Ligand SMILES: Cc1ncc(COP(=O)(O)O)c(C=O)c1O
């Protein structure tokens, strides 16, 4: 019986598949940007569940939407539609370039749908030879076999047997490397406008515009993976809105549900028309609970004061990080946008991001890494100023701890 089970970190190693290596503590409660573990120790959350808890923990609007929906209707499957899904779809259409929405349960699934759609669109319109998908080194698009193969790190897709084919990788922010690969046989180019897992690497405007132009030239779809950069994280609802570059397909997840699993693929009516009845689907996609929470999250985040607040918080983060760096000289630069920032370790500390991550946890702060050289911050979009300042005090102690060895 559940009450008699002693839940400890050691239990993880006994009963869980060992594909994760979770931290030694077990959090049990969260409020805003603070989290408490089993021992009652309090942490400040600069990680946001890896860019997911866009409104912090237990935001009243999300709790209330979830509770209200929980009393009404949980699940139908897609043999019927439901009100929260259609309301959310309408709001996504109203606030983006898109005319059509497909709901999934995660970022990987949203990308899986996007890639399948691109292949089908190309097959229908141009024939079977147009199937090449181009993505970029260091990109991350999820862990299904298709999306992980499309992702830019072979180490994640090796060792599972034959990979899906017709996938090539160009170098991010290097238009020439894309030009060398793209042709009339390319059906889609997929990229993150701001690479997340790869190290918080912003796409240069000229590069993004160049990708758009090449896609137009070769009749290839441009897919923006905004799973990490989307839903207000960069200070606009989607990162593409900072530029004039508009994709053909956009995927979104993470912050969309504020902590409740949901993903979505957004596209135009013409492109969407190629996923005909029965060509793709999901039991849970568009689940009423998920969509009700996501609707509340979108309503709350898609407000000028919240989006502008993200940019204000970015300034404070950058100021605090600059002050820490002035004292301790550990970063070469801080890059990213809004509440998706990466402090890049300088030569002396290269390869040691995990040490900073562990020292931060020791000091009562959740941070993240983005590869071995970057400490990543992806906190709540509405994190209070006082929590940023207190979190940075803890981060400075963590930096000092790493320096002392
Ligand atoms: C850009 C990007 N795409 C896709 C994914 C995969 O999302 P999920 O883990 O929800 O499948 C991630 C997750 O980190 C991501 O950062």
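Positions of Cβ are set from backbone N, Cα and C atoms, glycine also.
What TrEMBL says about a protein is an automatic prediction, not a curated fact.
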Task: Write down the one residue from 140, 207, 260, 317 that TrEMBL lists together with 107, 108, 225, 226, 227, 228, 283 as binding pyridoxal 5'-phosphate.
output: 140
- request: With an 8 Å cut-off on Cβ-Cβ distance and a minimum sequence separation of at least 6, pull the same-chain contacts of residue 226 (pyridoxal 5'-phosphate binding site), or say none.
  value: 192, 193, 238, 239, 240, 250, 251, 252
Statement: Taking only the CA atoms, the spacing between residue 143 (N(2)-acetyl-L-ornithine binding site) and residue 254 (N6-(pyridoxal phosphate)lysine), expressed in whole angstrom, is 14
Field: Cα-to-Cα gap, residue 283 (pyridoxal 5'-phosphate binding site) vs residue 254 (N6-(pyridoxal phosphate)lysine), nearest whole Å
entry: 19
Same-chain residues at least 6 apart in sequence whose Cβ lies under 8 Å from residue 228 (pyridoxal 5'-phosphate binding site): 50, 51, 107, 192, 194, 196, 197, 254, 340, 378
Message: Please check the binding-site residues 226, 228, 282, 283 against ligand 1 and give me the ones with CB under 6 A, sequence order.
response: 228
Task: Quick one: among the binding-site residues 108, 227, which has the most Cβ atoms sitting within 10 Å of its own Cβ?
output: 227
